[in-house]
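Undergrad: The domain 'Palmitoyltransferase DHHC' feature in TrEMBL is assigned to 97-225. Sequence annotations record features per position, and here TrEMBL assigns transmembrane segment to 7-28, 34-57, 143-163, 183-209.
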Amino acid sequence: MGHKGYAPILFSVVVVNVILFISSVLFAPGLTKVTAVVALWGWTAVSLAVAALLVLVRCSSKDPGYIKTAVAGQPDAQDPLLNIDLNNTSSWTGNWSQLCPTCKIIRPVRSKHCPTCNRCVEQFDHHCPWVSNCVGKRNKRDFFIFLCMGSLTSIIGAAVALQRIWTSVPLLVADESWLHHVFFAYPGVIAFLFMDGAILIASVTLCVIQISQIARNLTTNEMANAVRYGYLRGPDGRFRNPYNHGCRKNCSDFLINGYTNDDEIAWPPLQHVAS
């Protein structure tokens, strides 16, 4: 999976949690017999978890939008950014932040050099250690789908587990509390709920953040470093997003294409030097 990171750990945690769910929630001998409706929801959660793992692998191994680098002695005539002469004084009259001395390229405005991957990524969002890859133009939709599937899986799994406990706890004696009985009678279910809850909090939080940014056509990097990017400031110096086409178009472009085509907006003079 991708670069070094925590993706193998996350993959293993999800697999362990799925096994725990099947053995301790759906088929636990100490719980009442599962009904057809609960079984349907339970296996739906398992199916979503498996699908989420496949999306995780795809997101981790997919090119996030790496920008082609210059290779010494091998100029690429089809990419004008690789043919630019960085020693030419005219190259230094534009936006210096577009120059990447490591990759030896002039990168598009919304891209950024990732120190972990050591590559420039188009429409860079962030480097996610949990998928062991950058999140950028070509895999951000996969990342978002993974978060949505993870959130939905965790919600369904928790609901099924709680229903199984609620319908299985017998009438208790006066000196025994409900929580005390559940913790000691169904440790497997409690372990599942603990892991599932942690995944749920993380996935829902990230999912909400991504939805907010997608609706405004902003990246995590732009949100964190807005004051550093001139293209995110208007003539009055205040924040202005030239890529915001309205919530509906921002969302439809992202969901249909997986990214937005904003190359025609805010391309500083440096970009034309390579023409």
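Residue numbering: from 1, along the chain as shown.
Heads up, the Cβ atoms here are built off N, Cα and C, so glycines get one too.
All annotation found in TrEMBL is predicted automatically rather than curated by experts.
Quick one: where do these features end up spatially?
TA: Here the domain 'Palmitoyltransferase DHHC' (97-225) has a mean pLDDT of 90 out of 100.
Outside the transmembrane segment (143-163) by six or more residues, the chain places 17, 21, 25-26, 38, 41-42, 44-45, 48-49, 51-52, 55-56, 59, 125, 128, 131, 135, 189, 192-193, 196-197, 199-200, 203-204, 206-207, 210, 214, 254 with a CB less than 8 A from a CB of the stretch.
Same-chain residues lying 6 or more positions outside the transmembrane segment (183-209) and placing a CB less than 8 Å from one of its CB atoms are 13-14, 16-17, 20-21, 23-25, 28, 30-31, 144, 147-148, 150-151, 154-155, 157-158, 161-162, 164-165, 168-169, 220.
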Undergrad: Would you list the DSSP helix, strand and coil counts for the residues of the domain 'Palmitoyltransferase DHHC' (97-225)?
TA: 74 helix, 16 strand, 39 coil
Undergrad: Cβ under 8 Å to the transmembrane segment (7-28), counting only same-chain residues 6 or more beyond its ends: which ones?
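TA: For the transmembrane segment (7-28), the far contacts come to 1, 34, 39, 42-43, 45-46, 49-50, 52-53, 56-57, 60, 130-133, 157, 160-161, 164, 186, 188-189, 191-192, 195-196, 199.
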